[in-house]
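Below: the structure, in structure tokens.
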Amino acid sequence: LPPDILKAKQLPSVTFRVAAASSSSAALHRRAPRRHSPATVSVGHEGAARFPQGPCSGAMASRNPPLVTHVDPDAPPGRKAPDIGNRSTMGTSCVDDTDLEDVKASKDRDMPSHLLMLPNIQNQSLLSGFAYCIASCSMILVNKFVLSGYGFNAGIFLMIYQNIVSVTIVSALSLSGVIPTEPLTWKLIKVWLPVNIIFVGMLITSMFSLKYINVAMLTILKNVANVLTASGETYFFKKQHDRQVWISLMLMIISAIAGGITDLSFHAVGYTWQILNCFLTASYSLTLRHVMDSAKQATKSGNLNELSMVLLNNVLSLPLGIILVLGFNEVEYLLETPLLRMPMFWLVITASGVLGLAISFTSMWFLRQTSATTYSLVGSLNKIPLSIAGILLFKVRTSMENSISILLGLLAGVFFARAKLRNNSQS
């Protein structure tokens, strides 16, 4: 182009290959606006994507914001953050404090096309958050109803049945091509077996403690697992946490001790199982972080998404669960109890298995529609209505001192989520 046109248009320094050298200057001038339409993205020396100015540049920038956030490239889309509370035990990964809506376009390209066929709903963020809260609250309340309301004394069998329901649903969806899962190979199973043993112990101790402890106190006592996990990260992985994180963890310990002292329905067996569950939960998170890279290398695709972890954990838990059923002599109880001859009881425990899987699906959906900050805060705030519902539905006797301890623990959980996200964003 003539020098005066180049100076007037201030085109970026990009070399174009022109097929027809004999084209006239006027023809090239007519093509130039088409080659440099507002939809073109130019990259400057800083490496940040920017949109050229033009009549539609403002609208284009609003529809396609610059991709300036940083996301772990190894983490598959829709994964959730584990160290912001123990909301699900099906699978965990680390998610930084990023707004996932900014990287929605790049994530859509990475996700299989059949997973993007979501219904055209106006406010999916609100709906997905509501579904996640309902699933996570209902799972605990239904389990509590089965163990305490029905008086079912075979917690290991309940875990096995729930895992069979999850395996059946995930396998059916995977075979029909609705969701992607990694094939289970002996190499992957050998790498994952230590994690699965801890996973089974975590589920069983959770069942045993839930039978004796009310839901509100159980929620507060589970915060102790966050303390153990943060301490393990500092000791084993040399991860530094700021002062606000440690303050919130200290408040969790104080609320757990005060809640246990003022608990009118204190049960030593239930508290013992729950303390063991906290150690196993922290061990699961730390071990998962240690073996995740080896597990990814053992897969054919080089990645391991959450649904694959759900399938892997639940399949491997079945033979170990059967051994534990025999070891804890639950077979004799199962043969004698009249509950297994009640269709309504089977419907309830089947619903508990579906809800366990629904937590994984809804959490991935919610995290995909919103930011990691919103996801973690909703997960922490969700414990408040869960605690209230547990007290009201099961008519738990409580005192003012115990209620204050529970409230302190719930607020400490919210404060911990905020401090953890701030610490991750700064690091």
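Here the Cβ of each residue, glycine as well, is placed from N, Cα and C on the backbone.
Keep in mind that this is a model prediction, so the values were computed, not measured.
Annotated in TrEMBL:
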- 23-47: region 'Disordered' (REGION)
- 28-37: compositional bias 'Basic residues' (COMPBIAS)
- 70-92: region 'Disordered' (REGION)
- 126-146: transmembrane segment (TRANSMEM)
- 135-415: domain 'Sugar phosphate transporter' (DOMAIN)
- 158-179: transmembrane segment (TRANSMEM)
- 191-213: transmembrane segment (TRANSMEM)
- 245-262: transmembrane segment (TRANSMEM)
- 268-286: transmembrane segment (TRANSMEM)
- 307-328: transmembrane segment (TRANSMEM)
- 344-367: transmembrane segment (TRANSMEM)
- 374-396: transmembrane segment (TRANSMEM)
- 402-421: transmembrane segment (TRANSMEM)
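If you look at the transmembrane segment (374-396) against the transmembrane segment (126-146), you find at least three C-beta pairs under 8 angstroms, all six or more positions apart, and that counts as contact.
The transmembrane segment (158-179) makes contact with the transmembrane segment (307-328), as judged by at least three Cβ pairs under 8 Å among residues 6 or more apart in sequence.
Within the model, the domain 'Sugar phosphate transporter' (135-415) carries an average pLDDT of 92.
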